[in-house]
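Some notes on the structure that comes next.
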Amino acid sequence: MDYTTQMNAARQGIITNEMKKVSEYENINIDELVSLVAQGKVCIPANKNHKSLKPYGIGKKLKTKINVNLGTSRDCLDMDLEMEKVMSAVNMGAESIMDLSSYGDTQKFRRKLIDECPAIIGTVPIYDAVVYYNKPLRTITAKEWIDVVRMHAEDGVDFMTIHCGVNKHTAERFKQSKRLTNIVSRGGSIIFAWMELTGNENPFFEYYDEILDICRQYDVTISLGDACRPGSIHDAGDISQIEELVTLGELTNRAWAKDVQVMIEGPGHMPLNQIKANMEIQETICNGAPFYVLGPLVTDIAPGYDHITSAIGGAIAATYGASFLCYVTPAEHLRLPNLEDVKEGIIASKIAAHAADIAKGIPGATDWDNAMSQARRDLDWEKMFDLAIDSEKARRYRAESKPENEDTCTMCGKMCAVRNINKILKGEDVDIME
Ligand code: SF4
């Protein structure tokens, strides 16, 4: 069939294999899905060179997806360990992996990931360009930045975070705005520094059409990065964030004009009471493009527990419009996450996504909850373990504290309300104190 991107296919009424798989997985009518992809309200990140991909859709009317950030760094350069984390993340239900490698042979790791991993693969070419060229930042040319985007596209990356929104105008606003935490986006800080050092316009903004042509050729979904995402409660919803969001809205329309699929990246740190409005503003400014949120963390005071601060924000954000949650681990702000941190981050994020799916009324979302509740009513512990989002932990907790009676737990013992009501409703006697 003759199409470039999933969006291009949808606009011609072509049903791709990826669309069929997404429609089956989501239990959504295929014509409705095609219409959503054509409008840009759903994207299906699926690079033509990612042959091992299990495709997922991200956006309106679909289940909330989660992304897991992994990759090597200067201090943690063990590729095998990172691959182990990747596979355990996929087994725990992560639909997407972002390879944020920033040290070593990043292309080798990226290619291995794309060869072996069925999850959606995302990258941030800005990080990789710095590693790849291994020379002073100010000497990297605009062409060289863009060449790295092309290299990632050829390698089979499904979506790329590109920080095109922080142009000279936004940068000027940022400098005037006196933020508490300045720019906390790693890619954003690199490109801002490059702009300051060279005096040049952001090359991803200046040569945006060239970037779009690359994305169109390989069907890379462009994830419009938010260099000015708030990095603290103080900076949430400030002029820098909104200024950049307006630019992202304009860039969304330009991408769609070339049939390039788009996601918009969002906060960041944000008080609970601002999240709903923020989702609505994004929806309006970016014409319903899927929103990918990096949190939001609803307070700044909990290093070691930021999987919780972000899950609270993520659940609210997804309830009011976000489609894609970037996980946050307990190691956030502290160090590169280890395997246990990754697990905790994924579980927290999956809980947030599922809670939002219930609130959004995603068809079938409550089936899982109802099955768990039935197992609880039946005091069927094995079934509860099977259904638990973290079976291993649930099983371990019960094993660590054995009840006197198998049909209770050590919380209430013979006062077990579930057991006693079951008995009474069956006409049986209830003995509590004997
Ligand atoms: S003992 Fe209490 S906590 Fe445990 S299953 Fe029964 S009612 Fe629930």
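Every residue, even glycine, has its Cβ placed from backbone N, Cα and C.
The substrate site in TrEMBL is built from N69, M98, H163, S185, R186, G187, D226, A227, C228, R229, E265, Y292 plus one of Y127, Y132, Y133, namely Y127. A straight line from the CA of R229 (substrate binding site) to the CA of C412 ([4Fe-4S] cluster binding site) spans 47 Å. The binding-site residues shown are H269, H333, C409, C412, C416; of these, the one with its CA atom nearest the CA of Y292 (substrate binding site) is H269. When the binding-site residues Y127, S185, Y292, C409, C412, C416 are checked against ligand 1, C409, C412, C416 have a Cβ within less than 6 Å of one of its atoms. Calculated from their C-alpha atoms, the gap between Y127 (substrate binding site) and C416 ([4Fe-4S] cluster binding site) amounts to 55 Å.
For the pair S185 (substrate binding site) and H269 (Zn(2+) binding site), the C-alpha distance works out to 12 angstrom. Cβ neighbour counts within 10 Å, taken over all protein chains shown, single out A227 as the most crowded of the binding-site residues A227, C412, C416.
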